[in-house]
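Asker: Heads up, here are the entries from Swiss-Prot:
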type: BINDING; residues: 55, 57, 59, 61, 66; note: Ca(2+) binding site
type: COILED; residues: 280-405; note: coiled coil
type: DOMAIN; residues: 10-100; note: domain 'EH 1'
type: DOMAIN; residues: 42-77; note: domain 'EF-hand'
type: DOMAIN; residues: 139-227; note: domain 'EH 2'
């Protein structure tokens, strides 16, 4: 089993790139990502393949998880981990939240089926639009437990086997049957694991007040129709072992979380045989927190530079290195020039608001920094002038000494 994964420091670096390109939006389109992707100097056909692999949900854009996948693929290609773009995503690189989509797409037979349409029109008042096919790690783990507790010897689920679950939900029977028909286009007596997870996800959202969707993604529908995937735990392959963290907030403030009471009666609540093998982005720091971290880090770096410059200036006042017991004026002059150049650059960045100086620092602090650096620059110039005079005097003394001999 591969031990490779995307490290947290990589996620942080990718987030800085993603947030700078997305302008606060949750997705990147091709035009927004083009510059950073082409900086890799990979061929255009390779970048197209990387994009297709990373765009797991097939919406033509990259969310943050998919962007991380694309960047890691590119870095591995550049560093020689792959001779060419792989034909499919490695299991360890698949985001856990989208593992069901990847597995469903692997069931495609080459044709692109149309979306399934539900004939019933849902006119129930008070329901919300915006059904999302995304399964959080906690929800997916719960669906896995319900499936494992009710599957038959072929790894399939019948409609009636979940009757106790239906009884625990605030979902009308007509909506439950509509959801079943949506994931069971062949009208068979049983459904596969993929279809079961989708069915439970629809019921969960309906339980939370969302309308039953009218269509399903094409890749999911293909897996429902094939109904040939072996999901029995004894025969499970590494590529199928996707799971999720079982830690989930169970409070809604108005009713029990989907399936909690049912799983509690079954005695399997909180336990799952699944363990994650892909990359879990569920604990990724949110936008506001990332912005705070970035600004604090930049402020600390700026203060550290100023402190280092102040310390260097103080050490110069105490005298530089020595040659034969005397001051090394050449070294002092060189270091003073370097420090002067550094301070002038810092002063320019502070005045222009460039470099490490960002909008997160207060105007009053910037003014104080500008004044402090300006005073230090003037002091260094005066100090350098005095040292040059001293150096000239020493050279004159050396010449006089040589002539006297």
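A Cβ is built for glycine as well, from the same backbone N, Cα and C atoms used for every other residue.
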Asker: Could you tell me how many residues in the domain 'EH 2' (139-227) are helical, how many are strand and how many are coil under DSSP?
Answerer: 55 helix, 5 strand, 29 coil
Asker: Mind checking which residues reach the domain 'EF-hand' (42-77)? Cβ under 8 Å, same chain, six or more beyond either end.
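Answerer: Residues 6, 10-11, 14-15, 17-18, 26-30, 33, 84-86, 88-89, 93-95, 97-98, 101-102, 133, 217, 219, 279, 281, 284 contact the domain 'EF-hand' (42-77) from elsewhere in the chain.
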Asker: Measure the Cβ-based neighbour count of residue 66 (Ca(2+) binding site), defined as the other Cβ atoms within 10 Å of its Cβ.
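Answerer: So the number of other Cβ atoms within 10 Å of residue 66 (Ca(2+) binding site) is 23.
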Asker: What is the set of residues, excluding 55, 57, 59, 61, 66, whose C-beta falls within 8 angstroms of the centroid of the C-beta atoms at the Ca(2+) site?
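Answerer: So the additional residues around the site are 27, 54, 56, 58, 60, 62, 63.
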Asker: Does DSSP give residue 55 (Ca(2+) binding site) helix, strand or coil?
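Answerer: Looking at the DSSP assignment, residue 55 (Ca(2+) binding site) belongs to neither helix nor strand, so coil.
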Asker: Measure the Cβ-based neighbour count of residue 59 (Ca(2+) binding site), defined as the other Cβ atoms within 10 Å of its Cβ.
Answerer: 11
Asker: Using DSSP with the three-state reduction, classify residue 66 (Ca(2+) binding site) as helix, strand or coil.
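Answerer: In the DSSP reduction, residue 66 (Ca(2+) binding site) maps to helix.
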